[in-house]
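Q: Below are the C-alpha cells for one structure; questions will follow.
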Amino acid sequence: MAEVKLLGFWYSPFTHRVEWALKLKGVKYEYIEEDRDNKSSLLLQSNPVHKKVPVLIHNGKPIVESMVILEYIDETFEGPSILPKDPYDRALARFWSKFLGDKVAAVVNTFFRKGEEQEKGKEEVYEMLKVLDNELKDKKFFVGDKFGFADIAANLVGFWLGVFEEGYGVVLVTSEKFPNFSRWRDEYINCSQVKESLPSRDELLAFFRARFQAVVASISAPK
C-alpha cells in the first residue's frame, strides 16, 4: 500500500485543507506535527525552498503548497471529486482559490496592526468580503451544488477569521454587512466533512491569543 505522510501544524488552515482532502478521499496517512520553532530535518529536506507546512509525502516524494497538494490528491486517489468535472466550473474554482490566496496576508495582517494602519487593513478586508458576498448571492457554495475546491480554499475566512475576531477583539464580519457570506460561513462550519477535521475552537483561541500577546510584547520591548 502507498505510504502517505502529512507534515503540518495543528493550528494551520493550510494543513487543515490537506487533512480534509485526505479524509474525503478515504486515504490513510501518518500525520506528523511540526514545531514552528524547531522544524524537523524531514520538513527542511522536503520543502527546501519555503521550509513550511503543509508537506504531503507520497511514496517518498514530497508535494508542497496546500492547493497544489489538493489537486494532487484529487488526481491521484480514488473517491469523491474535489475539483468539478466540468472544465468551466474547474476554471471558476481555480479562480476563486487564487483570489482567496492573494488576500490571505491582508486578512491576517489586519489583526496585528493598530490605529490608522489597522483601519486601512480593515478596508482592504471589507473590499474582499464585499466581492465574496456578491458572488455567494443565491448560492450555497462557490461553485456548483456541493462543497468543493473553492470552499476549502476559503477555510481561513470560513473558520479561522471568526477565531481571530474573537481572540483579538476586532470584528470584521456581521450578518447585516455581509449576509450571503455569513450564510455561507454557517454552511461551511456545519458541513460534516469539515467539522470532522477542524481543530478545537477553544484551543485555537488560546493559541492565537498567546501569539498575539507575544507579538505585542516584542513590539513594546525597549530596543
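Using the three backbone atoms N, Cα and C, a Cβ is placed for every residue, glycine included.
According to Swiss-Prot, the protein has these features:
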{"type": "DOMAIN", "residues": "2-81", "note": "domain 'GST N-terminal'"}
{"type": "BINDING", "residues": "S12, K39, V53, E65, S66", "note": "glutathione binding site"}
{"type": "DOMAIN", "residues": "86-212", "note": "domain 'GST C-terminal'"}
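Describe each of these features in terms of where it is and what it packs against.
A: Secondary structure at K39 (glutathione binding site), taken from DSSP and collapsed to helix, strand or coil, is coil.
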Q: Which residue, of the binding-site residues S12, S66, has its CB surrounded by the fewest other CB atoms within 10 A?
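A: Comparing Cβ neighbours within 10 Å for the binding-site residues S12, S66, S12 has the fewest.
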Q: Determine the C-alpha span of the glutathione site listed in the record, that is the greatest distance between any two of S12, K39, V53, E65, S66, in Å to the nearest whole number.
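A: This binding site's residues have a maximal Cα-Cα distance of 18 Å.
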